[in-house]
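First up is the structure itself, then whatever we jot down about it.
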Amino acid sequence: MHCERFICILRIIGTTLFGVSLLLGISAAYIVGYQFIQTDNYYFSFGLYGAILALHLIIQSLFAFLEHRKMKRSLETPIKLNKSVALCIAAYQEDEDYLRKCLLSVKRLTYPGMKVIMVIDGNSDDDLYMMNIFREIMGNDSCATYVWKNNFHMKGPNETDETHRESMQHVTQMVLSNRNVCIMQKWNGKREVMYTAFKALGRSVDYVQVCDSDTVLDPASSVEMVKVLEEDIMVGGVGGDVQILNKYDSWISFLSSVRYWMAFNIERACQSYFGCVQCISGPLGMYRNSLLHEFIEDWYNQEFLGSQCSFGDDRHLTNRVLSLGYATKYTARSKCLTETPTEYLRWLNQQTRWSKSYFREWLYNSLWFHKHHLWMTYEAVITGFFPFFLIATVIQLFYRGRIWNILLFLLTVQLVGLIKSSFASALRGNIVMVFMSFYSVLYMSSLLPAKMFAIATINKAGWGTSGRKTIVVNFIGLIPITVWFTILLGGVCYTIWRETKKPFSESEKIVLAVGAILYACYWVMLLTMYVSLVMKCGRRRKEPQHDLVLA
């Protein structure tokens with residue numbers, strides 16, 4: 001016991017020193033600004049900080065590639081399908097078409113004897129259509145439904161403690177006694193919905209799969225995740241490859257689709273190589289049920305700065321698994337399609353909410369760095385502090401740099417995006433990934449200020465992604481974007497005013513002309529490809545897209 005405690009202390013000290021040293025090293029490289037290569041007048045330069053970021057991308061891509069090779073080899077691994085699995089679907093104001101597609105895909109799952117529990121966040125007449133769809137798809141004779149006036153933590157009107165306790169027992173018994181169950185309960189957010197499913201199931205099953213009501217599951221998705229959990233008893237949770245169902249509905253959903261592929265098949269695949277996936281996504285994940293019941297109450301009652309957390313449910317669930325010392329994995333062999341916002345404002349609200357949960361969970365996650373591979377510490381430092389370095393770089397360039405410095409920065413952003421997207425195109429075998437370089441502009445213009453706004457309002461839970469039947473009318477997410485563009489525009493105007501006081505030399509004029517032409521040509525080429533390739537593919541929107549999961 002004393003030996004284990006001593007080793008634990010050493011690991012805490014080691015990971016802390018490693019993380020602090022890494023952050024100080026990167027900060028020093030950024031502040032000193034040592035340049036490996038530079039031309040006269042600093043038309044072009046490549047420094048130590050840039051080399052660190054480039055090395056990170058190379059290492060990340062390498063381990064992602066190695067993890068994908070391991071996934072392919074696991075195809076031949078035989079498993080016994082004798083473990084009990086329950087699928088928990090969280091539903092809230094869902095679009096009828098998406099919900100039907102979700103439930104139809106659930107019926108096609110190949111894992112035998114799977115229990116299905118759909119919990120609806122809301123018990124009003126306006127929510128009843130979701131229960132009716134459940135009955136229609138799953139069959140009236142083979143499912144049990146219940147409209148609950150309350151939930152596990154809130155009483156209904158005029159209800160006593162005794163009747164509340166009886167209703168909880170009724171819900172639990174119904175879940176245990178039936179294979180397909182749909183429950184409508186008093187509204188209290190997604191975490192309440194998930195808690196109901198987990199609590200009612202108890203320890204009656206081996207594995208619990210989670211799913212959102214806008215998700216279309218691949219028939220083999222459950223089998224593939226069970227395979228990962230069966231291969232290693234120290235794996236506590238596993239996530240699958242989440243792709244976009246409505247990717248051709250708008251430019252924002254299309255860019256989200258290429259970003260999703262990168263996030264799962266590069267970033268999470270790399271994390272999976274070291275057994276420390278930071279977030280098992282809500283549309284497609286599976287956990288050991290025995291672990292869930294070790295922390296279900298702490299997970300539900302999570303607080304931050306004195307307030308109970310109402311978002312980031314899936315990320316915190318993953319963090320709870322990591323806190324016990326269990327590994328979390330990703331498998332590209334388990335796939336699903338899910339809906340993503342098609343409107344800019346809804347997307348921005350979603351990203352801000354996700355950024356809030358990321359930074360909040362980053363702090364919680366840091367408590368368990370010592371229980372996992374050093375890569376977990378390394379990546380947390382790199383990705384956690386990168387936005388701050390980037391903002392400092394942009395402001396410095398726009399207010400202290402020259403015109404060609406700003407132009408060079410814009411070209412560099414696109415070049416890095418193009419290199420990363422080219423590797424993704426080769427790995428995926430699909431040229432569509434080249435549009436990932438498009439996403440870099442969206443990141444710089446919208447995600448970066450949204451992240452800063454998320455930190456400033458991290459304890460505010462009053463807005464986020466709304467139900468799909470709700471029109472987004474909250475424009476507060478545009479505030480940081482407006483401030484950010486004002487800062488950038490001010491920098492450009494200031495730089496131009498300063499440059500007019502000193503005539504450009506011939507070499508400066510050439511650099512500006514060539515750079516501007518290259519940048520313009522790049523965008524013309526990319527936009528032409530988008531119109532010719534993506535708009536043509538958009539005609540497939542009317543096809544039954546649940547069949548595209550295997551693509």
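Positions of Cβ are set from backbone N, Cα and C atoms, glycine also.
Taken straight from Swiss-Prot:
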TOPO_DOM  1-11  topological domain 'Cytoplasmic'
TRANSMEM  12-32  transmembrane segment
TOPO_DOM  33-45  topological domain 'Extracellular'
TRANSMEM  46-66  transmembrane segment
TOPO_DOM  67-374  topological domain 'Cytoplasmic'
TRANSMEM  375-395  transmembrane segment
TOPO_DOM  396-402  topological domain 'Extracellular'
TRANSMEM  403-423  transmembrane segment
TOPO_DOM  424-429  topological domain 'Cytoplasmic'
TRANSMEM  430-450  transmembrane segment
TOPO_DOM  451-470  topological domain 'Extracellular'
TRANSMEM  471-491  transmembrane segment
TOPO_DOM  492-509  topological domain 'Cytoplasmic'
TRANSMEM  510-530  transmembrane segment
TOPO_DOM  531-551  topological domain 'Extracellular'
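Residue counts for the topological domain 'Cytoplasmic' (492-509) under DSSP, helix first, then strand, then coil, are 12 helix, 0 strand, 6 coil.
A Cβ distance under 8 Å defines the sequence-distant neighbours of the transmembrane segment (46-66), meaning residues of its chain 6+ beyond its ends; these are 26, 29-30, 32-38, 265-267, 269-270, 273-274, 375, 382, 386, 389, 416, 419-420, 423, 427. Taking DSSP states H, G and I as helix and E and B as strand, the topological domain 'Cytoplasmic' (1-11) has 10 helix, 0 strand, 1 coil. Across the topological domain 'Cytoplasmic' (424-429), the DSSP tally of helix, strand and coil residues reads 5 helix, 0 strand, 1 coil.
Note on the topological domain 'Extracellular' (396-402): DSSP counts are 5 helix, 0 strand, 2 coil.
Tertiary neighbourhood of the topological domain 'Cytoplasmic' (1-11): same-chain residues 370-371, selected by CB-CB distance under 8 Å and a gap of 6+ residues from either end.
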